[in-house]
């Protein structure tokens, strides 16, 4: 009984989907499906990667974003400065260990 219902539903699906194909013409000019695609030039412009893409920065090395970032890295490499920075802040810890910022 279940097999008959499944076959009936599959047959109806084939009739519904098959009937739509016969209503449309086969020529490309009359087909509305060509509207779903864009030209190769437009797709190339759309898919073009930015010059500052992630892989480019990884291969080249990312630029330092903050002027204090290099000093922060120096302080992090010194365990005493790093510990003091956790308590009183990076700038004050760097000033105490290495002089004025």
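Easy rule for this one: first residue shown is 1, then count along the chain.
Cβ coordinates are placed from backbone N, Cα and C, and glycine is handled just like the others.
Features of the protein shown, as given by Swiss-Prot:
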- 1-18: signal peptide (SIGNAL)
- 53-99: domain 'Gla' (DOMAIN)
- 69: 4-carboxyglutamate (MOD_RES)
- 73: 4-carboxyglutamate (MOD_RES)
- 75-81: disulfide bond (DISULFID)
- 76: 4-carboxyglutamate (MOD_RES)
- 76, 82: Ca(2+) 3 binding site (BINDING)
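The local packing around residue 75 (disulfide bond), expressed as other Cβ atoms within 10 Å of its Cβ over all shown chains, amounts to 20. Summarising the environment of residue 73 (4-carboxyglutamate), the number of other Cβ atoms within 10 Å of its Cβ, over all protein chains shown, is 10. Around the Cβ of residue 69 (4-carboxyglutamate), 11 further Cβ atoms fall within 10 Å across all displayed protein chains. The Cβ of residue 76 (4-carboxyglutamate) has 82, 85 as same-chain neighbours under 8 Å, each 6 or more residues away in sequence. In the three-state DSSP reading, residue 69 (4-carboxyglutamate) counts as helix.
Neighbours of residue 82 (Ca(2+) 3 binding site), defined as other CB atoms within 10 A of its CB across all chains, total 15.
If you draw a 10 Å sphere around the CB of residue 81 (disulfide bond), it holds 19 other CB atoms from the protein chains shown. A helical conformation is recorded for residue 75 (disulfide bond) in the three-state DSSP classification. If you take the Cα of residue 69 (4-carboxyglutamate) and the Cα of residue 75 (disulfide bond), they are about 10 angstrom apart, rounded to a whole number.
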